[in-house]
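Participant: Pulled these features from Swiss-Prot for this protein:
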- 1-27: signal peptide (SIGNAL)
- Gln47, His150, Asn195, Glu196, Tyr339, Glu410, Trp457, Glu464, Trp465, Phe473: beta-D-glucoside binding site (BINDING)
- Glu196: active site, proton donor (ACT_SITE)
- Asn198: N-linked glycosylation site (CARBOHYD)
- Cys215-Cys222: disulfide bond (DISULFID)
- Asn221: N-linked glycosylation site (CARBOHYD)
- Asn275: N-linked glycosylation site (CARBOHYD)
- Cys347-Cys352: disulfide bond (DISULFID)
- Asn403: N-linked glycosylation site (CARBOHYD)
- Glu410: active site, nucleophile (ACT_SITE)
Amino acid sequence: MAVAAATRIAVVVVVLALAVLAPAARGLRRDDFPPGFLFGAATSAYQIEGAYLDDNKGLNNWDVFTHTQAGRISDGRNGDVADDHYHRYTEDVDILHNLGVNSYRFSISWARILPRGRLGGVNSAGIAFYNRLINALLQKGIQPFVTLNHFDIPHELETRYGGWLGAAIREEFEYYSDVCFNAFGDRVRFWTTFNEPNLSTRHQYILGEFPPNHCSPPFGNCSSGDSRREPYAAAHNILLSHAAAVHNYKTNYQAKQGGSIGIVIAVKWYEPLTNSTEDVRAARRALAFEVDWFLDPIFFGDYPREMREILSSNLPKFTPEEKKLLQNNKVDFIGINHYTAIYAKDCIYSPCTLDTYEGNALVYAIGRRNGKIIGKPTALHGYFVVPEAMEKVVMYVNDRYRNTTIYITENGYSQHSDTSMEDLINDVERVNYMHDYLKYLSSAIRKGANVGGYFAWSIVDNFEWVYGYTVKFGLYQVDFDTQERIPRMSAKWYRDFLTSSSLTDGLQVRSRRADS
């Protein structure tokens, strides 16, 4: 153990030296971003908190899923302990403070606040934990940026209503959000209702990878589900839950608390596979099914034309009253989680295998064109390094949704957990990824995009859903046996970028041996 610890320390020392000596040719300054710009890091409750039964917390859907279907997780593990953030939050707040960020994005565990939903009573211990976390952040000058729902719901709501497939869950979410606004809103200036509902519903109800694991052919062979209908029924209930929460916040809390509220959407950029009209339209159609699916109803009161034409009766319809609720309660900002880009091939006029989640859009997504890959692969399947896509995504959302303020609420680089310790710590690829994506973000801002902040995913390695602990996104390496947090080269680079007025650059050097 002593030898291993000494090796880790030696690696960290070399990492810091490499970061200090890195060349600064292309240049990126914090001053390239507007005054008041938020720079932070992000996490979510299930992925880092642990303490899955502590202090009267109820079981959530991921607790049950990872315990009953461990074979669906790459390493068979779960979030029972994860980063033990519930007990180590003060250490993690200190890490954030030392990093120099001015905001921290985290989510609240619904089952920690309302273990059985609105019928079971509020858990005072859950309220107390998030009060302690929020207060600790504010004492360090860090703004909480709070997500109400990041994939996890109380298990009882899954069994009682069928989760997001049941319309009754809308009232549950409105009640839960009200409890949070009332308990924490005097200190929270940034709220988001949902994280990536456009991604979670597809993994839940098209591919069947996330609980409740519903799907149908050609996407999979689940025991139940309808991949053509259920994702859109669930999304419909999420959108109306969102609208009810936003209406409540704007009516009863915003004026006296002074905060803002939005929603976070996962945005993958789609490039046409060829220059053909069909593939150009396919790329546009993929974006409609990716982005416009949730944002068009919020801004324009209805689903995009492409979805209505293709899905027909499988796409629910809003009543006039529901359209009014959506349009009269627009978000104050849009959160974008952006990581990658991919090619889009038309499947209306060309034969395709429609088994990716773009299949319902009659699009086939592929990472290669003419034998050349779109960007360097990362540890997540289908995720490539394509920095210029950041600018394209931001400009698309900015232009379509009327210059509404945008926050990049997630952006990060994944490594395989079986990478050598030296390369995990000397994460040159992550440094270059962050530098290059930030450069294209600053370019979008110069072109007029209204962007208010950037959050790196993630501050620490954590439980990465069906990948378990087999991939690592953290600026800090975590030893899950000891819970030791070890700064990576990317943490040093990010801190230098945030605290220095001088030019910083990506590291165009290769990792060196720790003992060289």
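Cβ coordinates are placed from backbone N, Cα and C, and glycine is handled just like the others.
Each of these features: where is it, how hidden is it, and who are its neighbours?
Facilitator: Its Cβ taken as reference, Tyr339 (beta-D-glucoside binding site) is surrounded by 26 other Cβ atoms within 10 Å in the chains shown.
In the three-state DSSP scheme, Glu196 (active site, proton donor) is classed as coil.
Contacts of Asn198 (N-linked glycosylation site) defined by a Cβ separation under 8 A and a same-chain sequence distance of 6+ are given as Ala235, Ile265, Ala266, Glu290, Val291, Trp293, Phe294, in order along the sequence.
For Cys222 (disulfide bond), the same-chain residues that are 6 or more apart in sequence and have a Cβ closer than 8 Å to its Cβ are Gly208, Asn213, His214, Cys215, Ser216. Look at Cys222 (disulfide bond): DSSP puts it in coil.
Taking Cβ-Cβ distances under 8 Å and a sequence gap of 6 or more within the same chain, the neighbours of Asn221 (N-linked glycosylation site) are Cys215.
In the shown protein chains, 7 other C-beta atoms lie within 10 A of the C-beta of Asn275 (N-linked glycosylation site). In the three-state DSSP scheme, Asn275 (N-linked glycosylation site) is classed as coil.
In sequence order, Lys345, Gly359, Leu362, Tyr364 are the residues of the chain that are 6 or more apart from Cys352 (disulfide bond) and have a CB within less than 8 Å of its CB.
A 10 Å cutoff on Cβ-Cβ distances gives Asn403 (N-linked glycosylation site) a total of 11 other Cβ atoms nearby, all chains included.
The 10 Å shell around the Cβ of Glu410 (active site, nucleophile) contains 25 further Cβ atoms across the protein chains shown.
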Participant: If you draw a 10 Å sphere on the Cβ of Gln47 (beta-D-glucoside binding site), how many other Cβ atoms land inside?
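Facilitator: The Cβ of Gln47 (beta-D-glucoside binding site) has 26 Cβ neighbours within 10 Å.
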Participant: At a 10 A cut-off on CB-CB distances, which of the disulfide-bonded residues Cys215, Cys347 has the highest count?
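Facilitator: Counting every other Cβ within 10 Å of each candidate, the maximum falls on Cys215.
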Participant: Note down the number of other Cβ atoms within 10 Å of the Cβ of Glu196 (active site, proton donor), including every protein chain shown.
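Facilitator: So the number of other Cβ atoms within 10 Å of Glu196 (active site, proton donor) is 24.
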Participant: Give the maximum pairwise CA distance in Å, whole number, for the residues Gln47, His150, Asn195, Glu196, Tyr339, Glu410, Trp457, Glu464, Trp465, Phe473 listed as binding beta-D-glucoside.
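Facilitator: Those residues reach a largest Cα separation of 18 Å.
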Participant: Relative to the Cα of Asn403 (N-linked glycosylation site), which of the recorded positions Gln47, Glu410, Trp457 has the closest Cα?
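Facilitator: When the Cα distances are compared, Glu410 comes out closest.
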Participant: Give me the non-local Cβ neighbours of Trp465 (beta-D-glucoside binding site): same chain, 6+ apart in sequence, Cβ-Cβ under 8 Å, ordered along the sequence.
Facilitator: Gln47, Phe151, Phe210
Participant: Hey, how far is Trp457 (beta-D-glucoside binding site) from Asn275 (N-linked glycosylation site), Cα to Cα, in Å?
Facilitator: 33
Participant: Cβ within 8 Å of the beta-D-glucoside site's Cβ centroid: which residues qualify beyond Gln47, His150, Asn195, Glu196, Tyr339, Glu410, Trp457, Glu464, Trp465, Phe473?
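Facilitator: Once Gln47, His150, Asn195, Glu196, Tyr339, Glu410, Trp457, Glu464, Trp465, Phe473 are set aside, the remaining close residues are Ala42, Ser44, Asn337, Ser458.
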